[in-house]
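Below is one structure, written out as structure tokens; comments come after it.
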Amino acid sequence: MHLCGHFVFNYHVFADVTDSQANCYWMLFFTSIGKCMANPLRLMTGIDRLIACKSPVVYRALLERPILYVMAQLVLPSSYTTFLMVSGFIQRDPKTQIYCTVPLAFAGPTFSQFNTSGIFVNIAIVIVYFFTYLQLRSYAGASQMKVVFRSILWTVILVIIGWSSVTIANQFAIFAKDAATRKLISIYAGIGVNLACASNVFVFYTINTEYKHAIRRLFGLSSAQTIRLTSMGPKSTTKVIITTT
């Protein structure tokens, strides 16, 4: 949803046209929902992993009611997004002409609230994943869980770095007096998060075997096969197992 906003942004930049901030809010309405929900959803994913590692019994009990559990996980992201979207709606500015970049869909205090809260949410994500990592280290024989956690961790790290660069750049953009300077900051601030989103496929391709196999099939490439010999039964019958990697 967040990346859909680049269509509007690219048109404004390359056609060198502007529009009112109020219209920009509506043109980037769904994009703004996506950008607001992204980090809180990542935080809730980290909390989910922490519960699974810290209290497996409690986690299984939660999974017995999946609908309620998912709804509970969506309370924070939905509330956070609703607050910012309503605040942005109230503070629309029909007079100011802007290049319709994704951050500028919010005006005034809402813009600062989004940037400041984004920094705190990213800090919370780091703390949650750090405690999850410590919990996994205390488990003996949790190699499979560590592999899964590693793939999620690298994805989260890349996205956090990307979003942190966006929020920090936007905070400094407020102090820029020249409109052209603010425009350039808004343009280049999003490079980090876009690179992070694009790099997810390479992270999963490197770490996740099943994901790697699916990507290779998507491009019509054959996957390497390995043959593993196992003995079965008292007569030591040999079974050949072909696994795809």
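Each Cβ is built from the backbone N, Cα and C atoms, and glycine gets one as well.
Those TrEMBL annotations? Automatic predictions, nothing curated.
Within the chain carrying the transmembrane segment (67-90), a Cβ under 8 angstroms from the stretch's Cβ atoms is held by residues 25, 29, 32-33, 36-37, 40-41, 43-44, 47-48, 105-107, 109-110, 113-114, 117, all 6 or more beyond its ends. The transmembrane segment annotation in TrEMBL covers 67-90 (among others).
Taken from TrEMBL, the feature transmembrane segment covers 110-131 (among others).
If you look up TrEMBL, you'll see 152-173 (among others) marked as transmembrane segment.
Among the features that TrEMBL reports, transmembrane segment is placed at 185-207 (among others).
Under 8 Å from some Cβ of the transmembrane segment (110-131) lie the Cβ atoms of residues 36, 39-40, 42-43, 46-47, 49-50, 80, 84, 87-88, 91, 103-104, 153, 156, 160, 163-164, 166-168, 170-171, 174, all in the same chain and six or more residues away from its ends.
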